[in-house]
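First up is the structure itself, then whatever we jot down about it.
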Amino acid sequence: MTTTTSPQKTGSPAIGSQVRDYFERVRGGDLGALPAVIGLVVLCAVFASLSPSFLSPINFANLFTQGAGVTVIAMGLVFVLLLGEIDLSAGFASGVCAAVMAVLLTNEGWPWYLSVLAAMVTGVLIGLVLGVLVAKLGIPSFVVTLAAFLAFQGVALILLDEGTNISIRDETILAVANSNLPPLLGWAVLVVGVLIYAGIQLTQMRRRLGRGLLADSFAVIAVRVGALAVVSGVAVYVLNLERSRNPALISLSGVPIVVPVILVLLIVWTFALHRTAYGRHVYAVGGNAEAARRAGINVDRIRISAFVICSFMASIGGIIAASRANSVDPNTGGSTVLLFAVGAAVIGGTSLFGGKGRVLDALLGGAVVAVVINGMGLMGYSASVKYVVTGAVLLLSAGVDALSRKRASASGRR
Amino acid sequence: MSQAPVLELRGIDKSFGPVQVLHDVAFSVYPGEVTALVGDNGAGKSTLVKCIGGIHPMDSGEYFFAGEKVHVSGPRDAAAMGVEIVYQDLALCDNLDIVQNMFLGRERKSGLVLDEDTMEEMAAKTLAGLSVRTVKSLRQHVSSLSGGQRQTVAIAKAVLWNSKVVILDEPTAALGVAQTAQVLELVRRLADNGLAVVLISHNMNDVFAVSDRIAALYLGRMAAQVKTSEVTHSQIVELITAGRSGELGLATGNGASA
């Protein structure tokens, strides 16, 4: 009965019609991750042609460790941006959390896991305070987090005794951004990951077809799984190449440990956003807060939780940054970190107007940001040029967002 | 047609501060019928509906649901009884698809995970039950729907929960001719499926096209509640504008203080 009277047709649409639907969406202004992917390809091609060392294995590995901190912060920012809010303090929040960890770890001699836990709890508390101020008091998030941006700089200075540099000597913490997985383990993680992804996609297809619902066709799933396998396969292969200048002295190969860390975070938050009622409510509040309220969703609680997640992710970003720098100083999480993180999220396709975005966007955008910084560094540009270019990239991506939104509302896809 | 009303209000008074908006209003809604609620701007239609929906508490009066006296102290009480209101601004999230909107705030879950398949099936069944064939895919974002389709989704959302009374606030106000016809057809079908439908409208053509009964409010008083077949267009207009029309309507014609 459902097959005849419902608007749904059973079975899978042809791959051609899915491709056509996709182009129609893009033309209608729903760009998704397209600008980030195109930008990534173009930037890589430009830098590779201008600077031969850009494509070297060691630089490829550097891209991951350089971009990791900013990407993790951007992943957290996605939640705040989804609500149409902003967290300008995420950068220095990460600095404060890193300082808490460094003080406990190095000065107080705490074990690494307790220090990390303390840093994460600090992040959660920061988010709680920001969220309550925004949601309950109704202060615009821009103002609250701008104030916090200033205040956290001061807090970091206090924690670090007015500006000393605390070095990190704990092996575990240092390993996060400086050590690699054994090459075989890298391959094993890749194979297991791709198989699990394929398994999830196929069981989902079978379940939906079994119930007579519209499902992705086998070809689409094959393309998706194949693309994932190829891209990640190439990445793992290159990362497993020997990249030490003097392999006899010290061998350097394998997937950096930050990569699986980021992937786990990506999976956890993507699951939360797309498979749980909580994630659905985040999108609803970002899309139409009044409708969400009438649907019985506690809008304030969703707002606060988004800030908590953002600051929590900032704390992880701070730990990664500290690991990479081998130390924490008052500038950890400062200067460009926040703008790069916001830029990463927006370049990836997260809208500044709320309601649209994915955690994966932060990863793609983070890759673009990392490539820009890295490539320009290789070409020997000064900091001044880097700032100008990165600012231009951020502005460009926000412009693309605004224009696609305009286009989308004109074509009824707002 | 001569069943007991599923929802009945008696002697409702409601004031906002010094302004009395509803005076001794009686209102009955019957299952399987469309009851049109008409009245000029400021006559108290919205206030009455919000009292029914539990958004405004009533100052005094009795509220009967399915023959039993009930006390509605909030929107949740009304929803629990099966009273759903579709507001004029629809309250849909543009960035979510049809299924997601229909289940917003009441998602089906298996464990921690959303049960998308069951929700999609239920949504498809509900839309099929309403003979809605205008939407291409249930996984379409609401932003890509026309005004009429949005109204359809909002109504289907209200019907999804085994509701007994569905109140529609000006469902055709912003629609074109063809879409208005579609929505009115849907309104008729809801009633034919056994629901009690309250239709708030300013458009007399709509009212006469689908309603079984007409309740006319005049300055916060119920001027008359009559069968649609027993009145004419102009009588209803008189009831709305003057509160009385011949035998029908308020005794003094101008009993309400502004």
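All positions are counted from 1 along the displayed chain.
Cβ from N, Cα, C; glycine included.
Predicted, not measured: the structure shown is a model, and the values here were computed from it.
Database features, via TrEMBL:
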type: TRANSMEM; residues: A:31-51; note: transmembrane segment
type: TRANSMEM; residues: A:63-83; note: transmembrane segment
type: TRANSMEM; residues: A:90-106; note: transmembrane segment
type: TRANSMEM; residues: A:112-135; note: transmembrane segment
type: TRANSMEM; residues: A:142-160; note: transmembrane segment
type: TRANSMEM; residues: A:180-200; note: transmembrane segment
type: TRANSMEM; residues: A:212-238; note: transmembrane segment
type: TRANSMEM; residues: A:250-273; note: transmembrane segment
type: TRANSMEM; residues: A:304-325; note: transmembrane segment
type: TRANSMEM; residues: A:337-355; note: transmembrane segment
type: TRANSMEM; residues: A:362-381; note: transmembrane segment
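Within the same chain, the transmembrane segment (A:63-83) packs against the transmembrane segment (A:250-273): three or more Cβ pairs sit under 8 Å, each pair at least 6 residues apart.
Listed as Cβ neighbours of the transmembrane segment (A:250-273) (distance under 8 Å, sequence separation of 6 or more from its ends, same chain) are residues 58, 61, 64-65, 68, 71-72, 75, 78-79, 175-177, 179-183, 185-186, 189, 193, 235-236, 239-244, 279, 282-283, 309, 313, 316, 320, 358-360, 363. Taking residue pairs at least 6 apart in sequence, the transmembrane segment (A:31-51) and the transmembrane segment (A:90-106) share fewer than three C-beta contacts under 8 angstroms. Counted over residue pairs separated by six or more positions, the transmembrane segment (A:362-381) shares at least 3 Cβ pairs under 8 angstroms with the transmembrane segment (A:31-51), which defines the two as touching.
Contact between the transmembrane segment (A:337-355) and the transmembrane segment (A:31-51) is supported: at least 3 Cβ pairs lie under 8 Å, counting only residues 6 or more apart in sequence. For the transmembrane segment (A:142-160), the list of distant contacts is 86-93, 95-96, 99-100, 102-103, 126, 130, 133-134, 166, 328-330, 332-334, 338: same-chain residues at least six beyond its ends, Cβ to Cβ under 8 Å. Here the transmembrane segment (A:112-135) has long-range neighbours at 85, 87, 89, 93-94, 96-98, 100-102, 104-105, 141, 144-145, 148, 152, 170, 172-173, 299-301, 303-316, 318-319, meaning same-chain residues at least 6 beyond its ends whose C-beta is under 8 angstroms from one of its own.
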